[in-house]
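Q: One structure, pasted below without further comment.
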Amino acid sequence: MLMNGLWRKKTELSKFALTTYFVQSIFFILLSRVFGIILSPLHQPPFVCDVLVGIIFGSGYVIKDHKFNEIFVSKLSTPLLELLGNFGLMYMMFLAGVKLDTTLVKGIKCKFAITTATLLVLPVVFTFVASFKLGIGKDLLLQDADILRGLEAYPTQISNMNGIDTRGFIKEIKKIAKHQRVCFLLFISLALSLTSFPMVFYKVTCLKIISTEPGRLALSASVVSELVGWVALAALICWWKLELVAPVYLACWAILWIVFCLVAVRPMIRWVQCRMLSTEQMTNRYIGLVMVGIAAGGLLNEIVGMHAAFGAFVLGLAFPAGPLAAALVDRSEEFLKNFMYRFFFVTVGFISDFEFTNHPIVREKGSRHEGSAFVIVILVAMACKLLSGLIVAVSFYMPAKDGLTLGMLLLTNGPLNYYVLKATSTKQVFNRVEYMAVLVGITLTTAVASPLVALILRQSKRRVVYRRRNLQRSTHDSELRMVACVHNYRNVPSIITLLEASNPTMQSPIFLYVLQLIELVGRASAMLIVHNQDSRQGCYRQQNIATSNRGEQQTELINASFENYEQHSGGVSVQFLTAISLYATMHEDVITIAEDRHAALIMLPFHMAVGVSGELETVNPAIRTINQNIIAKAPCSVAIFVDRDLAIATNFVAEAQNLSINVALLFFGGPDDRDALAYAWRMADHPSVNLIVLRFIPEDKRNSSVAGTMSQKEFAELIEADADRQLDEDFIAEFRLQIVGNESVVYAEQVVSDSEETVAAIRSVENCDLFVVGRGHGRSSICTVGLEEWSEFSELGVIGDFLISSDSEIKASVLVIQQYTGTGLGSEASTAVPHNSQMKIIEIIKYVGHQCWNKIFEPKSEENRRTNC
């Protein structure tokens, strides 16, 4: 096991199993990661890369160096890889069952039954028939057939010599040959037709369709396929060995094991979780006991004749949701998924070459079957799975897109398919050519289905067309659709205060979509939960979210607070939603909701909050990443709210409606500032809001005499700046015209020449509870030249970053707004205000055309006319 050391002579790495295993594991995982990066645009699951690694090193055609193969496909360490791979498979199957939310399949009983029956029967039957008609398996017992022909040639002599019934013996041989051919074809049908639950779950989670009807149907059908597949595989192995009664015992054991897990194991785990919640303990002792229990369940199933993965999967399905399930997933999934689980798929590829492995596979000279026959069978299996999805869609009047999506999800193969294939090697069912043909078919089916299902979903998701995508287009006296994101209850009071300051009335209502963002941990649940008005209380518990009582109480508090405000405010309509997702993809849920609800503004809480010392402290760094992703991809305007206890500063209570707030708008110019002014304009109509609009005008230092020496780029920038400045002037003029006679609004202008004067003007604003500023992305001004170098949070812009810094000496809350200025909105958007780039092109064309007109058709002076005459 151990090497002698580098200083000793004749030390060969391939002679030691442990060191060879270390080299294999490091090299295989790194190469699989490289393949994952290369294939990432095709949305390939990780196991495809692992199988490719196994085929590359297991096949003698790719790497023909014998010494190299002795290290990477060593007879000493390969059994260790297989052992760890099967161990990882068992525990990953358990985690897959734990993460399944069984409530997702409720309410689709009829569809569930038809989908499952179609999935299990149609592909297996048609694949079996196609294999039989194409002649696959006819020469399965080629050597026995030679003996049979000899017996038929001399039946009387052999009967007299040995005293046996030759004809009865021949009949038995033919019967065994037919029996083994049927088993052979069933192995092929199972390997190509079964749908693996872990891979279906992986795809619907990545594509965020776990709560859609195709996603739920695919999950429910794949669970049944997984359970039936493991039992059918064990029974088929017994049948291959001519043990005709054993499959009945295995089916009875499977039913008994499922009942035992539901009746005995599930209540016991619930009792343990209740004890953990009551004592508020989360120790490793419980997790260790569960891991030992999984191993014990796997041992029992192996003794009976079932695979350990079946026992672990049933245990996972029976495992109740709760903190113990979340802890198991959090503490073990990454290690198992990225290390041990990968070895199972790598060793599947190893068996593709039999010269470097010790698997007892029948080897023959040449190929028994033409490759085209296997290609046809693989295509038939794929077509049957697609057809099963379309049959379900037609039966229940589902859109054709959903049926096609369901069929593509059913094409996803996984560990069950590969284990069926691996069993054919250990039981001497397939030869090398047949094994390679089925292996390539399983892998290519998943490789083709993965990008296609992503393409179908992307093409089917049409961009929602609506005009009011920013605040400037949504006038102050019209409705405002807003998505407010909250992470915990601490965000709620100040957001409600800000919402009240936005002046919601019956004439200018606010449709608020409160979206609580929860990190996906433990048992998987619906990615997006829309709470009904009549069932808000307790809905959090019904979703089987693995979290603590404190998290559940926070959700109920958030829900109750917004519901209470809606009842006491006449112009607000609130809909509560919950998005449960990974932090890396949480922004997609926010963007989808904003687009589906035609929102004009997404309000995000800043990732920092006021701490005990009174200064801003980081709450969760992942929130900043979410905010940055939303800002980059939002379909509407975005506001980041830096809360410095605005609700406490204003003493606002929803029941009393006692709002009194001082707001300051800092206007520097540009689309973001115009959106900020539009929001402040809405606030100005509130009788309890005092608004100060401070406009900063940079001192003009341009020299008009050098305009003729500008480059084309500088000239275009000048034209764009002039056009943007004209939009600012028009918007400011309209605002000042509307606020005439409003004593609660003060408008002032400040001419500044550098950032020092800008800072001094900002600090001069006193008794302010809230600053509203534009982010100013892409803006370059002499007002902020010095501040840009010290900016720490780019998502807030230069001014927003300065307002929350300790150098500003400002303790007010800050609202930073970025205007949506995207294009490609369809026909409805064509009537909207032109985008800045469009305005730039229009102004350049006008300017160039005007100059050309003056040069060509300029009126000649009287002196020139006389000269020409």
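Cβ atoms are placed via backbone N, Cα and C, with glycine included.
Keep in mind the model is a prediction, meaning the values are calculated, not measured.
For 31-454, the entry in TrEMBL reads domain 'Cation/H+ exchanger transmembrane'. As annotated by TrEMBL, domain 'Cation/H(+) antiporter central' applies to 511-649. The domain 'Cation/H(+) antiporter C-terminal' annotation in TrEMBL covers 660-822. Summarising the annotation, TrEMBL assigns transmembrane segment to 20-40, 47-63, 112-132, 184-205, 217-242, 248-265, 286-304, 310-329, 341-361, 373-397, 404-421, 433-457 (among others).
Context for these features, please: burial, neighbours, distances.
A: Outside the transmembrane segment (184-205) by six or more residues, the chain places 45, 47, 92-93, 96, 99-100, 119, 123-124, 127-128, 131-132, 136-137, 140, 215, 218-219, 221-223, 225-226, 229, 232-233, 236, 240, 313, 377-378, 381, 384-385, 409-417, 420-421, 423-424, 429-430, 438, 441-442, 445-446, 450, 453, 524, 527 with a CB less than 8 A from a CB of the stretch.
Through the fold, the transmembrane segment (248-265) approaches residues 227, 230-231, 234-235, 238, 293, 300-301, 304-306, 310-311, 314-315, 317-319 of its own chain, all at least 6 residues removed from its boundaries and within a Cβ separation under 8 Å.
Long-range neighbours of the transmembrane segment (286-304) within the same chain, counting only residues 6 or more positions beyond its ends whose Cβ lies under 8 Å from a Cβ of the stretch, are 90-91, 94, 249-250, 253, 257, 265, 269, 272, 276, 310-312, 315, 324, 327-328, 331-332.
Packing against the transmembrane segment (373-397) from elsewhere in the chain are residues 111, 114-115, 118-119, 122-123, 126-127, 130-131, 134-136, 188-189, 192-193, 195, 214, 217, 403-411, 434, 437-438, 441, 444-445, 448: each is 6 or more residues past its ends and has a CB under 8 Å from a CB in it.
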Q: Please indicate, using numbers and ranges, the residues of the same chain that are 6 or more beyond the transmembrane segment (433-457) and have a C-beta under 8 Å from a C-beta there.
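A: Hits for the transmembrane segment (433-457): 42-45, 48, 51-52, 55, 188, 191-192, 199, 203, 207, 209, 348-349, 351-352, 361, 367-369, 371, 374-375, 377-378, 381-382, 401, 404-405, 408-409, 411-414, 417-418, 421, 424-425.
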Q: What mean pLDDT does the predicted model reach across the domain 'Cation/H(+) antiporter C-terminal' (660-822)?
A: 83
